[in-house]
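Here is what Swiss-Prot records for this protein:
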ACT_SITE  Asp127  active site
ACT_SITE  Glu191  active site, proton acceptor
BINDING   His125, Asp157, Asp218  Zn(2+) 2 binding site
BINDING   Asp157, Glu192, His465  Zn(2+) 1 binding site
CARBOHYD  Asn72  N-linked glycosylation site
SIGNAL    1-25  signal peptide
Amino acid sequence: MARPSVCLLASLSALLLGIAAVSRSKGLRGTESQREPRIPSQFSQEQRIAMKEALKGAIQIPTVSFSPKELNTTALAEFGEYIRKVFPTVFHTSFIRHEVVGNYSHLFTIKGSDPSMQPYILLAHIDVVPAPDKGWDVPPFSGLERDGFIYGRGTLDNKNYLMAILQALELLLIRNYIPRRSFFIALGHDEEISGINGAQKISALLQARGVQLAFVVDEGSFILDGFIPYLKKPFAMVSVSEKGAINLMLQVNTTTGHSSAPPKETSIGILAAAVSRLEQTPMPNMFGSGPLMTAVEQLANEFPFPTNIVLNNLWLFRPLVSRLMERNYITNSLVRTTTALTMFNAGVKVNVIPPVAEAIINFRLHPAQTVQEVLKLAKDIVADDRIQFHVLDAFDPLPISPSDDQALGYQLLRQTIHSVFPEVNIVAPGTCIGNTDSRHYLNLTTGIYRFNPIYLQPQDFSSIHGINEKISVQAYETQVKFVFEFIQNGDTDEETVPHLHEL
């Protein structure tokens with residue numbers, strides 16, 4: 001996930017949207033809709049060893065994206081050869097077409113037997129963020145296994161999901177699986193630097209071919225364990241939206257000179273004051289805008305006392321709830337556009353007044369705001385004509401995808417979660433606070449869902465784009481199992497039947 005883009009953290013959305021003791025819903029027709037017997041998601045010991053070794057090998061290839069102009073293209077090319085070697089059946093099946101897009105991204109077209117069924121697409125990305133050796137218990141690109149965990153950059157973001165998709169398909173194919181519903185697999189090579197040459201080009205290619213997708217599934221949320229107070233059981237969050245983003249450069253130009261006779265204000269001082277004002281003046285709290293307010297009102301009775309009383313009377317307690325959400329950096333990101341100073345550059349020598357100072361601010365936009373609204377607010381907060389504003393890149397928040405009974409992609413995820421993780425009773429829609437490749441597919445579908453089928457605990461979160469990123473062997477095997485079942489569930493008819501689901 002890009003920059004630091006773990007979608008996990010619409011946890012409050014999940015809390016508010018998902019804690020229900022009894023949920024009245026509709027579910028997809030299950031086995032009765034399948035025209036062929038299901039292939040059981042059971043793997044031999046030999047297959048389980050092979051799948052973990054395949055992941056280790058993928059981690060050992062340092063497919064790092066440093067910047068849009070600096071990628072490890074040698075590693076990206078090597079990775080393409082690696083997946084050909086590890087998943088030979090995928091590359092040599094007659095109804096699968098493989099294409100390289102943008103030099104290093106990969107598009108697989110898996111042709112189903114029923115052309116009347118609308119196809120879907122599974123997304124993952126090849127590239128990873130840099131990983132300096134310092135602080136790691138093992139080298140970050142070693143793929144070493146220790147105490148049941150595989151360590152390395154990409155084990156959670158996002159080679160685990162990429163390899164699980166291809167591994168599951170490989171295992172299905174060797175058991176003579178032929179899908180009813182066509183689907184695509186798109187592996188982008190530059191997601192960590194916005195996906196312009198990978199996902200964007202794949203999307204454009206599909207659009208040129210007239211493809212319209214039933215839904216998209218990408219990385220994003222997780223099964224969250226231990227994130228929500230008073231919630232002892234884990235819950236699954238499927239992100240149905242994604243925040244927007246602005247990378248804004250603030251620049252100050254002044255006259256240079258010798259430090260022995262400094263001016264009253266230097267470029268650094270002027271810029272530092274402006275940045276400080278932005279940090280000390282958060283964007284407005286938007287609690288009450290969008291679906292979050294409605295979710296709180298609908299689910300208030302599912303919370304223990306006294307929370308249920310507070311949430312049932314938002315006409316009175318709304319300011320209190322808003323303030324409480326601001327106290328935690330996770331929930332704060334759900335109620336407002338966040339402001340993060342990520343880069344500051346100035347100075348050429350210790351005794352020279354710097355002529356230029358630059359800072360880059362990363363805004364993550366609340367779904368109720370637009371790029372233009374946030375830029376105007378930022379200019380009003382800075383309130384200094386000496387500060388130049390340069391928008392490096394920006395995009396508005398993504399639309400909210402449906403999560404109702406007729407939303408095929410969401411219901412397929414929900415069905416598969418309950419099958420593979422029977423201990424997880426709660427599946428809730430949420431918002432992705434990071435940015436993913438899925439935003440490039442808006443022109444192909446209205447259903448975009450972000451879910452990574454593994455457990456995540458608070459201590460795991462900091463390792464994503466951080467130190468000692470790792471995944472348990474068991475978790476990876478379960479991830480393969482999830483994709484294995486999801487692909488088969490995708491062959492189900494789009495009809496739905498009502499049922500009462502007790503949690």
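Including glycine, each Cβ sits where the backbone N, Cα and C put it.
Considering other CB atoms within 10 Å as the measure, the emptiest surroundings among the recorded positions Asp127, Glu192 are those of Glu192. Taking His125, Asp157, Asp218 as the binding-site residues under consideration, the smallest Cα distance to Glu191 (active site, proton acceptor) is found for His125. Between the residue listed as 'active site' and Asp157 (Zn(2+) 2 binding site), the C-alpha separation comes to 9 Å. Candidate recorded positions: Asp157, Glu191. Fewest other C-beta atoms within 10 angstroms, Asp157. Measuring Cα to Cα from His125 (Zn(2+) 2 binding site), the recorded positions that fall within 10 Å are Glu192, out of Asn72, Glu192, His465. Considering other CB atoms within 10 Å as the measure, the emptiest surroundings among the recorded positions Asn72, His125, His465 are those of Asn72.
Listed in sequence order, the recorded positions near His465 (Zn(2+) 1 binding site) (C-alpha within 10 Å of its C-alpha) are Asp157, out of Asn72, Asp157, Asp218.
Among the binding-site residues listed (Asp157, Glu192, Asp218), Glu192 has its Cα nearest to the Cα of the residue listed as 'N-linked glycosylation site'. In sequence order, Leu122, Leu123, Ala124, Thr436, Asp437, Ser438, Ile448, Tyr449, Arg450 constitute the residues six or more apart from Asp218 (Zn(2+) 2 binding site) in its chain with CB-CB distances below 8 Å.
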